[in-house]
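Engineer: These came from TrEMBL, pasted as-is:
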- B:12-32: transmembrane segment (TRANSMEM)
- B:39-57: transmembrane segment (TRANSMEM)
- B:63-85: transmembrane segment (TRANSMEM)
- B:97-120: transmembrane segment (TRANSMEM)
- B:149-167: transmembrane segment (TRANSMEM)
- B:195-216: transmembrane segment (TRANSMEM)
- B:236-258: transmembrane segment (TRANSMEM)
- B:279-295: transmembrane segment (TRANSMEM)
Amino acid sequence: MTALLEVEDLRVAYGKIEAVKGISFTVEAGQVVTLIGTNGAGKTTTLRTLSGLLKPVGGSIKFNGKTLRKYRADQIVSLGLAHSPEGRHIFPRMTIENNLRLGAYLRTDKTGIEKDIQRAYDLFPILGERRKQAAGTLSGGEQQMLAMGRALMSQPKLLMLDEPSMGLSPIMMQKIMATIAELKAGGTTILLVEQNAQAALSLADHGHVMEVGKIVLSGTGGDLLHDESVRKAYLGED
Amino acid sequence: MHELPQQLVNGLLLGSMYGLIAIGYTMVYGIVQLINFAHGEIFMVGGFGALTVWLWLPGGTTMWVAIPLMIIGAVIVSTTVAVGAERFAYRPLRGAPRLAPLITAIGLSLALQQAVWAWYPNAKSSRTFPEIPGDSIHIGSVTIQPGDLFLVVAAPICMFALGWFVMKTRVGRGMQATAQDPDTAKLMGVNTDRVIVVAFALGAAFAGIAAVAYGFRYGEVNFRMGFLWGLKAFTAAVLGGIGNIYGAMIGGLVLGIAEAMATAYMNDIPGMDKLGGQSWADVWAFVLLIVVLLVRPQGLLGERVADRA
C-alpha cells in the first residue's frame, strides 16, 4: 500500500543557505507522525514546503498520489492538506466564527460547513461561547484551539500541526495534546511538529528526529521515547 | 452663517467623491502595501470612458438610458486599465524593494496622462461632458444642482455595496484574510493573486463611477484631472487610516467638509482675510492632513498596532 504522504530527498533553501538537506519520510493514512528537534532543525521549513508556501530546491513530495510541486499553496489545501502554522496565525481582527469559516473557504456545502463549525465548538467549547468576539482577544491557548479548529474546517486528509504547544501553560498544553489524541482516535491523520518531544512521541506512531536539516534518527514513538540519545538530547535526562 | 447647511452639503458631495476614489488606494494598500499612485489616472480614464460612450450614443438619447451605459463604459475602461497595470506592471515587481513598484506607479501615471493627451481626440484641452437636464432641487435653504444628483444616489449605494461585499461574501472574507496575513490566507485556500486582482478591479470600478460623478458635477473631463483628485483622495485615505475601507469613506467626507468650510468661511475670520476662497482649498486640505497625522499618525480609523496576544 502506498503512503498518504511520501517525502523523498526533500531539500529547501533560503537563498544559499540550505535549511532542509535531503530528508525522506512517509505518513500512512490514520497515523500520527511527528518531527521533533531543536530550533533551526528545519521542521517548520519542512511543513511550509509541504503546504506550498516555500518551493523546494530538490526532492519530491507526493500526496495522495499527486506530485505537490506543481500546485500553489491554495490548491494544495483543496487536495486535502491542511496546515496549522507555527505561532497560530489566527486572523486577529476577525471573529472566531469567521476564522472558522475561512478554514472552509474552498467548501461549498453550506449545511456541512455549519455542522463542522458546530463540531469545532463541541471540540473546544470556549470557542463557541465567544464566537462573535474578535479572535485577537483570545488567550494563547484559545488561539491555538482556534487555529486547530480552523485547520480541521477544510476536512483535511492530512492535518499538519506546527508547534501546537508553543508558549502554552502546562495545563493548556495537556488540553491541546488530549485533543490531538482525540483526533487521532477519530481517525485523523496528523503530521505533528513539536519541541515538546515527550508529549509528541507518546502520541505518535512514528517519529523522526531532525538536526540541522537532516533526519538523524527514526523509529516508532515508543522506541524513540526510550532511546537513550533522544532522552539525553530532548527529554532533559542524563 | 445662513449658508452653513449649503456648505455642509457641498462638503459632503465633494467628500463622497474623494471617498469613492480613496477606496481604491486603501484596498490596494491594505492587501499589497503598494501605494498605487496611478490610481488618479485610473479615475481620469474612467471619465473618458464615459465620455466615449456618450459620443457613440445616437443624438437625442435620454439620460435615463445614457447614464447607466456611461457608468458601464467608465467602469470597463477603469478596471481594464487597473487590472492590466496589476498584471503587467506591478505583479512582476512583487517581492522587489518597495521603491520599485512606487516608481512604476508614478511612471504609469505619467504615461496614462500623456496617452490620453496624445491620442484621445481633442483632449489637449478639457472636453465637455453631457449635462443632466432638470432644475435644481431645493430642500430648505439647501440647493442641489442636477449634476450632483448622480453623486447623491451613487455614492451611498457604492459604499453600502462595498461594505456588504467585504463583510458578508466569501471572497470579501478572503480579502480581509489576505490583508491581515497573506501567507495564512493561502493556507486557508485563498488564491491571493486573485484577491489582489479583485482589489484593483473594485477600486478602479469605484474610481470610474467617481469620474462619471466628476463629469456631471463640473461639466467637463480633462487629462490632468487625475493628478490633484488622486492626490486629494490619497490624502483622504491616509486621513481615514490607510488600509481601512471605512476610514477611506470617512476620511473623504471629513476632507470634503473641511475644504468646503475653509473655502467659505476662512475669509470671515479676522486676520485671515486672504486665506479663504477656492484658490486656498487645496492648501487647507493638506493642512488638515498634517494636523490629523500629528495627533493620530495612524489616521482616524487606523489599525491598532497591538493586535496579537
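Cβ atoms here come from the backbone N, Cα and C positions, even for glycine.
All TrEMBL annotations are machine predictions without curation.
These numbers come from a predicted model, not from an experiment.
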Engineer: Is the transmembrane segment (B:39-57) packed against any residues at least 6 beyond its ends, judged by a Cβ distance under 8 Å, and which are they?
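Structural biologist: Residues 21, 24-25, 28, 65-66, 69-78, 81-82, 85, 108-109, 112-113, 116, 120, 123, 127, 129-130, 203-204, 207-212, 214-215, 221, 223-231, 233-234.
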Engineer: State the residues, same chain only, that lie 6 or more residues beyond the ends of the transmembrane segment (B:149-167) and have a CB under 8 A from a CB inside it; answer 'none' if no residue qualifies.
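Structural biologist: Contacts of the transmembrane segment (B:149-167) (Cβ under 8 Å, skipping residues fewer than 6 from its ends): 13, 16-17, 19-20, 23, 67, 132, 134, 137, 175-176, 202, 206, 209, 212-213, 216-217, 245-246, 249.
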Engineer: Are there residues at least six beyond either end of the transmembrane segment (B:12-32) with Cβ under 8 Å to its Cβ atoms? List them, or say none.
Structural biologist: 39-40, 42-43, 82, 90, 94, 148, 151-152, 155-156, 158-159, 162, 175, 178-179, 182, 195-196, 199-200, 202-204, 206-207, 209-210, 213-214, 217, 229-230, 232-237, 240, 242-245, 247-257, 259-260
Engineer: Taking the transmembrane segment (B:63-85) as reference, which of B:195-216, B:236-258, B:279-295 has the most Cβ pairs under 8 angstroms?
Structural biologist: B:195-216
